[in-house]
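Structure, as structure tokens:
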Amino acid sequence: MGRQPCCDKVGLKKGPWTAEEDRKLMNFILTNGQCCWRAVPKLAGLLRCGKSCRLRWTNYLRPDLKRGLLSDYEEKMVIDLHSQLGNRWSKIASHLPGRTDNEIKNHWNTHIKKKLRKMGIDPLTHKPLSIVEQEDEEPVKKLQKVQVPLQEPVKKTLEEPSNTKNMLTLEEPQDDDQFMAMNLDYGLEDVPLMDPESLELICSNSTMSSSTSTSSNSSNDSSFLKDLQFPADFEWSDYGNSSNNEGVDNIIENNMMSLWDVDDFSSWDLLLSSTFGLV
DNA sequence: AACTAGCTCAACCGCGAGAAG
DNA sequence: CCTTCTCGCGGTTGAGCTAGT
């Protein structure tokens, strides 16, 4: 007969987390690792539901998280990925180490959207606004779907190879307007994205510097992290390759913090040309 | 100084997919 | 095979902050 409900919502605390709750959750995960979220609040002595604990951990407490504003380079990555994936924030986040889907989603809605509109680009379609407006005025043209086999190199970069979806679906217009016509309709597994090795290569070839915005903007609420001592048997299997007994600062610094702080992309030209074909 | 409007982002909500019983 | 649950995701909300008047 199924399982027990994840949490009976009676008597559970909601709203902002206190430093004490953070400490309890952090200590519990660091000691026991991530297991069954349903059991976490009970075992950690928290009056929260498992879902809330998971969210707090993934969006705020995880030691590999980068804090602060997204760098220019990260922003460009987000835009590029969004043009291919749409609002699949978790997929986008998986290509930006140390960033969460929530963070990227918020940044998109509050910063990038405006920025793109200001530049005359529709954040939804990634097309120039003038064209989007034209499209809105014209009656919607029916698009006819055709299937095109993926090129080999593209297939190799697929993040989650699928047996059934090795085809890119193109929407072919019924008129002659090439630009408006080509509307790539990627399947979730079909997007040709960089693999981690390629990303590493890019990072290692780029000028690395620790950005002031990412490394020093940590929230005061999480300052206790710096005092946390990691248990001797704790393994960072999911968060990097650091050896045991390292403090939070070292782990974050050695593995993640500066990975994406690439300062040598000062203009948007590269992005514009690669993503939108502009400039 | 007081009020208001706009902005930011942490947290919640509801849903779907897949797993478990 | 069906029901129930867990997990993860994307959309939305609202408290707190800031800038403008």
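Residue numbers in this text run from 1 along the chain shown.
Glycine is treated like the rest: Cβ placed from N, Cα and C.
TrEMBL has this to say about the protein:
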type	residues	note
DOMAIN	A:9-61	domain 'Myb-like'
DOMAIN	A:9-61	domain 'HTH myb-type'
DOMAIN	A:62-116	domain 'HTH myb-type'
DOMAIN	A:62-112	domain 'Myb-like'
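Taken through DSSP, the domain 'HTH myb-type' (A:9-61) splits into 31 helix, 0 strand, 22 coil. Across the domain 'Myb-like' (A:62-112), DSSP assigns 31 helix, 0 strand, 20 coil.
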